[in-house]
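Here's the structure, in structure tokens; my notes come after.
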Amino acid sequence: MTKIIGLTGGIASGKSTVSNLLRLSGYPIIDADQITRQLQAAHSKGLEQLITVFGKQILNPDQTLNRQVLGSFVFNDQKKLNKLNMVMQPLIYDEIWRQIKHYQKQHIPYVILDIPLLFEANYANDCDLVIVVAVDRQTQLQRLMQRNDYSQFEAEQRINSQMSLAKKKRLADIVIDNSGNRDELKRQVANLIDQMHHHKL
Ligand SMILES: CC(C)(COP(=O)(O)OP(=O)(O)OC[C@H]1O[C@@H](n2cnc3c(N)ncnc32)[C@H](O)[C@@H]1O)[C@@H](O)C(=O)NCCC(=O)NCCS
Ligand SMILES: Nc1ncnc2c1ncn2[C@@H]1O[C@H](COP(=O)(O)OP(=O)(O)OP(=O)(O)O)[C@@H](O)[C@H]1O
């Protein structure tokens, strides 16, 4: 039976960095942010639905999704964020399960489900194990501002629109603390891989 290892965290907490390390060690990854982008491609069903809800103002001149504009709408306004989730979550769910079934058919022992809204969108029960990548708030804010070139206000809006990392940590089976440097992160991931390798997880 394929074990589903849920991987989540807060925005800019280091989820993708951890999933990249796991990918390098040969673990298959289901990446919800990447699935989201594919589902929002130009002329896709997902994008058509978003246009119906938010209007053509969310489009770039070349008809692709203007992620910055949509982001500025929804991370400002919980109602709009709920509307976005109502459009995207069912589509994301179907694609995630399509991929999980594909790995199950091949009897792959572990698959990593990398998804920011793991708890909020109720994937925890489907996971055999949930890993939360956490970081202290100040470091999270700094990394997010730096990575996305956001102002402090923009970064705080995004952090505040999510379930708190403190709560996510309480719901986790395993917490990886990424407040330190990259080597410290790598050591924790190596430890995790070691435990999976010896089927201790
Ligand atoms: C609003 C959008 C267009 C912003 O795009 P942008 O390129 O700026 O960000 P990107 O998609 O890379 O997401 C970056 C991070 O934002 C956070 N985030 C994204 N969507 C959400 C959401 N609905 N609720 C809370 N946080 C979110 C996550 O931590 C994510 O890792 C985009 O995030 C989106 O369409 N989100 C809705 C789909 C979704 O729920 N994705 C989360 C995976 S289930
Ligand atoms: N230990 C670390 N030390 C310094 N920088 C780091 C460390 N870990 C990650 N980063 C950097 O912090 C930023 C956030 O990391 P990453 O993109 O992996 O987070 P994420 O949780 O996947 O974010 P999101 O959910 O927003 O996509 C990136 O720019 C990354 O290069």
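Including glycine, each Cβ sits where the backbone N, Cα and C put it.
Predicted automatically and left uncurated, TrEMBL annotations should be read as such.
As written in TrEMBL, here are the features:
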type	residues	note
BINDING	A12, S13, G14, K15, S16, T17	ATP binding site
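Positions of the features from TrEMBL, shown on the structure.
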{"residue": "A12", "record": "ATP binding site", "Cβ within 10 Å": "24"}
{"residue": "S13", "record": "ATP binding site", "Cβ within 10 Å": "28"}
{"residue": "G14", "record": "ATP binding site", "Cβ within 10 Å": "23"}
{"residue": "K15", "record": "ATP binding site", "Cβ within 10 Å": "25"}
{"residue": "S16", "record": "ATP binding site", "Cβ within 10 Å": "18"}
{"residue": "T17", "record": "ATP binding site", "Cβ within 10 Å": "16"}
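S13 (ATP binding site) falls outside any helix or strand according to DSSP and counts as coil.
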